[in-house]
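Contents: one structure, followed by commentary.
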Amino acid sequence: MTQHDRLLIIDFGSQVTQLIARRLRELNVYCEIHPYQNVTEAFLKGFAPKAVIFSGGPSSVFAEGAPMPPAGVFDLGVPILGICYGQQVMMHCLGGKVERGHGTAEFGRAFVTPTAERLAILDGWFEEGREQVWMSHGDHVSQIAPGFQVFGTSPNAPFAITGDPARHFYAVQFHPEVHHTPKGAKLYENFVRLAGFKGDWTMGAYREEAIARIRAQVGDQKVICGLSGGVDSSVAAVLIHEAIGDQLTCVFVDHGLLRLGEAEQVVKMFRDHYNMPLIHADESDLFLGALEGVSDPEVKRKTIGRLFIDVFQKHAADVGGATFLAQGTLYPDVIESVSFSGGPSVTIKSHHNVGGLPEKMGLKLVEPLRELFKDEVRALGRELGLPESFIGRHPFPGPGLAIRCPGEITREKLEILRRADAVYIDQIRRHGLYDEIWQAFVALLPVRTVGVMGDGRTYDYACALRAVTSVDGMTADYYPFTHDFLGETATRIINEVQGINRVTYDITSKPPGTIEWE
């Protein structure tokens, strides 16, 4: 297998460290994030990074037990880039000075102007005199370390960009990874170019390497995969099937909370198109029976999660002889499990939510996507030939329509919701807006309203349309549909879906709201 050059990101606790990794992956550079306390001299020797980045973080170098880089990192002889706290800790360790933030803190947009000296890492910068950047710091560097020069300043950060070109050490006080620093990606591009990365991290290469790893790990043993119909588990299943063929059996649990025609689409694609061994477990009666009378959203989630584990175990036992369980774990899940704070692993938020299953069933894990971000999973899906209509689908929550139907769930409500949602998504696609929107759906509200249709009075449900734009789902804003679009959509839903006589549009951002209603 190809040995990729590797870049190490040492995490000092920034909320946006994952964005650094995503920017580098977009440049076809393989990188890993590791919390500072796990990076020892022995780790550095084994990892053998071609370059190192120090992330930002909330700490102060003056605090007792402040996060510090590992001994020996400055002696590796590789380029190092320090960001925000990473700059401060670099200066602190190499002989510069840092001052507490008394009246010089910067949070938000700032403008950096260049000095007379130019630096190769800043190629493409300052073509129009100054550059917008995003600052988020209290303390600041007051004296640079020996060997460093100043290459950019801002009103409250006189050492906004510093560097020691001889040692290829660079440090900036701002965050180049966020989109509020428009030329931040260019800075990362320059850094990896100066470090000599080949840019050979592609999904084509990953596909070949992952297949080889799966075959080596599994041998001639059997694997079961909880298939949800979501992108992650589907890409994992197709990749594993390409590696080991019919040694893989997928278990698709239909809990009766899927969208219109979704179960049939999943079965058709995986059983008929990909010819995978597939157990289609229609357990909708079990799930809907258990949810009868339940209105609390947390109770809904826990009930669905508990039943899924029971049902999955029952049907997986039918496979017989399986020794591996496949999961669509992604790199953000792995990062969180070894987080900066040292906190416990988070539950993997997948549709099938199989947390605890490997231990209960005595199975070993196969996680072929654990090195990838979501956008890379989609790219791998395209590489594997999954249809674009499937790869580009909006996120869908694990509990399904249960959390888009506030209050008690009934079969009647679910059917109304499915049909309204199908009309809404069809409208969005007809107008060519689907790919502009992060997520769109209908929520069926637990209220009935009076209406007039023809010459008669109606007393039917109200629904809310939801559509948001987002980069990662952490924050979101409502999509600015035209009034004509909303009017046309409301008319179609009321005319085509029996049981709804009023349509509203939810214009709440996240925060303060969440994307889903429950």
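Backbone N, Cα and C define each Cβ position, glycine as well.
As annotated by Swiss-Prot, domain 'Glutamine amidotransferase type-1' applies to 6-200, with the evidence given as sequence analysis.
Secondary structure at C84 (active site, nucleophile), as computed by DSSP, is coil. Among the features that Swiss-Prot reports, active site, nucleophile is placed at C84.
Mapped onto three states, the DSSP output places H175 (active site) in coil. Counting only same-chain residues six or more apart in sequence, the Cβ atoms lying under 8 angstroms from the Cβ of H175 (active site) belong to S14, V16, G56, I83, C84, V133, W134, M135, S136, T181, G184. The annotation active site is assigned in Swiss-Prot to H175 (among others) on the grounds of sequence analysis.
What Swiss-Prot records for E177 (among others) is active site, and it gives sequence analysis as the kind of evidence. The Cβ of E177 (active site) has 26 other Cβ atoms within 10 Å, all protein chains considered.
Swiss-Prot lists 201-393 with the feature domain 'GMPS ATP-PPase', giving sequence analysis as the kind of evidence.
For S228, G229, G230, V231, D232, S233, S234, the entry in Swiss-Prot reads ATP binding site, with the evidence type sequence analysis.
The CA atom of E177 (active site) is located 26 Å away from the CA atom of V231 (ATP binding site).
Counting only same-chain residues at least 6 apart in sequence, those with a Cβ under 8 Å from the Cβ of V231 (ATP binding site) are K374, V377, R378, G381, F390, I391, R393. Computed over the domain 'Glutamine amidotransferase type-1' (6-200), the whole-number mean pLDDT of the model equals 90.
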